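This report refers to the structure that appears directly beneath it.
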């Protein structure tokens with residue numbers, strides 16, 4: 001997110017410094033060649049005086065004076081101040097042979113008035129050199145203190161062109177401890193700063209060596225019309241982004257019970273970050289807020305914030321915009337990681353994100369905080385009038401590259417990796433396991449793959465645009481600085497040309513940043529926020545708002561409710577103790593157990609449950625199913641661990657073997673069952689009455705399901721007193737306790753000796769049921785079972 005950058009270079013010259021250029025390197029060329037630049041012919045005496053001044057002064061009459069011919073003053077005013085004496089000499093001015101020429105040079109030097117602090121200290125020096133007091137053929141020499149006072153405030157003169165030889169603080173021209181008449185003159189020290197510089201007394205606002213002047217608050221590289229155009233652009237896209245992200249947040253909150261699921265809820269936090277960021281961008285449109293944010297109290301641009309003597313409005317806007325942006329991009333990485341891991345766990349009961357959500361929050365909120373504190377510590381927050389905000393690296397693009405481009409580039413690499421892996425996982429599930437997917441699940445996978453592809457394309461495109469715009473700024477910033485420098489010098493020409501009646505040039509900035517590039521850069525930032533909000537632009541969102549409206553207005557919602565079978569079974573098992581006391585009660589399901597799709601409906605896969613519809617017959621038999629699954633057991637039945645043998649002392653060890661019955665075996669068993677039924681109708685075999693077990697007493701406990709009328713798989717084995725269970729040999733036999741004559745033995749069942757029977761009837765030959773697993777095995781082998 002780059003905004004317009006002012007062309008601030010390390011070498012912006014003083015506006016009035018062009019005076020030195022117009023002088024033709026004043027003092028140097030004149031002193032070395034002996035040629036004057038003033039108008040009119042030079043007298044031989046004037047040339048001799050200049051030559052004497054340069055080659056070496058004659059022996060001084062005293063420590064603070066030098067012999068020189070005096071001439072009456074033709075101009076009794078020097079730089080706007082009246083001189084208290086009436087005679088002067090041109091001996092000390094190495095670039096002037098006459099008073100007229102010296103007066104013209106002073107006019108050119110007056111361009112330094114645009115550097116207020118330099119102008120305040122250089123006026124006495126210039127008057128003491130160009131129009132010194134001369135009395136009795138003796139000229140006063142300026143003191144060394146007067147010369148040294150100009151070196152600091154006027155450092156830009158030394159840096160740009162260098163001081164002339166006759167203005168260098170040498171002991172022969174500027175002796176120590178001398179008083180000068182000029183030092184008693186009161187000069188007008190109220191200098192001014194030429195546009196685009198403004199006057200300021202705050203040293204932190206001074207621009208480089210131009211003490212007393214700072215860059216104006218409004219970016220000088222753009223016109224007022226361009227400022228207004230950019231502000232309207234930011235207002236439009238900022239408002240659209242804010243409204244889209246706000247709608248997303250409201251949709252999540254309206255159905256928070258179903259929306260608060262990972263990974264979909266991560267989109268809530270991403271949109272929250274971009275919503276807060278858009279608020280930071282739109283804050284400038286409050287009355288007077290933009291100037292308060294990007295401008296200092298002295299009218300200069302905010303640079304190097306935070307500072308102790310300025311308000312915190314700039315820092316607050318920076319924290320809002322930058323922290324929200326960095327948190328949003330980190331949440332994007334977490335989102336792609338959550339998608340990747342969730343897609344890998346499809347079709348299983350494994351919850352890959354369980355226990356990791358706290359680490360997600362720790363990472364996404366702490367990392368941007370560290371970056372924000374680091375930027376504030378190095379004081380690299382700058383304001384920009386075009387964008388209307390404060391951000392990092394407007395002045396120094398290296399900090400912008402390190403704190404903006406580097407994190408975004410890392411996000412692009414890591415997030416892109418997880419996003420591509422997630423799409424590949426979905427494609428693998430769809431192509432390698434087509435028979436395991438219901439039509440609804442396959443449709444969701446296709447929709448999600450398409451949306452992830454579009455989303456990834458937009459994310460990569462926006463990041464690429466951001467990088468391109470920033471590189472455009474980096475590579476052209478030096479050229480913009482040179483163009484701005486020429487513009488400043490041109491403005492100085494206008495200032496000097498007015499009093500000297502020289503031609504006035506037409507000043508304009510030749511090379512400057514493109515406003516279109518700045519708009520494209522901002523579009524990438526706002527477009528990312530809009531793209532994040534599109535995940536809730538689904539039909540499920542319309543249903544959420546419909547239910548919310550009905551709830552708020554008290555209207556009835558005629559939408560058919562869907563309750564997942566898994567939720568009904570879980571609730572039935574949770575109420576098994578109540579069903580034990582009252583087997584006839586019916587289960588009621590409140591609206592809180594009704595499951596709706598969240599706003600991000602495309603990410604809710606359920607490969608194991610192709611349909612969520614529940615028939616009335618299925619719902620009525622939930623309690624029966626609970627009993628058949630062993631959740632409700634009679635109080636007189638003992639429950640022991642699975643596969644724990646409890647054989648009677650006088651019988652062989654028998655127990656049911658858990659096994660999976662293939663469909664072919666079930667068909668065979670069904671046919672055998674039918675044959676046994678037909679045989680019973682012809683010749684029923686009644687068991688002896690003495691072998692019947694006693695009738696159970698009346699009880700409210702629901703009856704256990706009847707065991708199937710078919711052969712059971714029994715493991716039989718015998719061992720001696722010294723043998724252990726593991727040393728014995730086990731064989732699978734058919735249950736010999738059925739009264740019917742057994743048909744020919746199946747080839748897949750081995751033969752074994754039959755143990756002694758103890759009962760007759762449908763449950764004859766079976767030992768006591770010792771565990772819930774036995775109940776479930778019995779149910780599994782029942783061909784008439786619905787579950």
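Backbone N, Cα and C define each Cβ position, glycine as well.
For residue 394 (cholesterol binding site), the count of additional Cβ atoms within 10 Å of its Cβ stands at 29 [all protein chains shown]. According to its DSSP assignment, residue 394 (cholesterol binding site) is coil. Positions annotated as cholesterol binding site by Swiss-Prot: 95, 394.
Annotation source Swiss-Prot lists compositional bias 'Low complexity' at 38-53.
Secondary structure at residue 556 (phosphoserine), as computed by DSSP, is coil. Residue 556 (phosphoserine) is surrounded by 6 other CB atoms, counting those within 10 A of its CB over all protein chains shown. The annotation phosphoserine is assigned in Swiss-Prot to 556 (among others).
Cβ contacts within 10 Å of residue 574 (phosphoserine), excluding its own Cβ and spanning all protein chains shown: 10. What Swiss-Prot records for 574 (among others) is phosphoserine, and it gives similarity to another entry as the kind of evidence.
Look at Swiss-Prot and you will find 590 (among others) tagged as phosphoserine, backed by similarity to another entry.
Swiss-Prot lists 595 (among others) with the feature phosphoserine.
As annotated by Swiss-Prot, phosphoserine applies to 638 (among others).
Swiss-Prot lists 662 (among others) with the feature phosphoserine.
Annotation source Swiss-Prot lists region 'Interaction with BBS5 and BBS7' at 538-569.
Residues annotated as topological domain 'Extracellular' in Swiss-Prot: 28-233 (among others).
Residues annotated as topological domain 'Extracellular' in Swiss-Prot, with sequence analysis given as evidence: 284-314 (among others). If you look at the topological domain 'Extracellular' (284-314), the same-chain residues 6 or more away from its ends with a CB under 8 A from one of its CBs are 6, 8, 198-202, 204-205, 214-217, 219, 231, 234-235, 376, 379-385, 388-390, 394-395.
A mean pLDDT of 91 is what the model gives for the topological domain 'Extracellular' (380-402). Annotation comment: Swiss-Prot describes 380-402 (among others) as topological domain 'Extracellular', evidence class sequence analysis.
Per Swiss-Prot, topological domain 'Extracellular' is recorded for 473-524 (among others), and the stated evidence type is sequence analysis.
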Taking Cα atoms as reference points, which of the recorded positions 95, 394, 574 is nearest to residue 556 (phosphoserine)? 574
Cα separation, residue 95 (cholesterol binding site) to residue 574 (phosphoserine) (Å, whole number): 106
Distal contacts, the topological domain 'Extracellular' (380-402) - CB-CB under 8 A, six or more residues away: 1-6, 8, 217-219, 222, 226-227, 230-231, 234, 280-281, 284, 290, 293-295, 301-306, 314-315, 317-318, 321-322, 470, 473-474, 477, 518, 522
Ten-angstrom check, please: count other Cβ atoms within 10 Å of the Cβ of residue 95 (cholesterol binding site), all chains counted. 28
By DSSP assignment, list the helix, strand and coil residue numbers for the topological domain 'Extracellular' (284-314), in that order. 10 helix, 4 strand, 17 coil
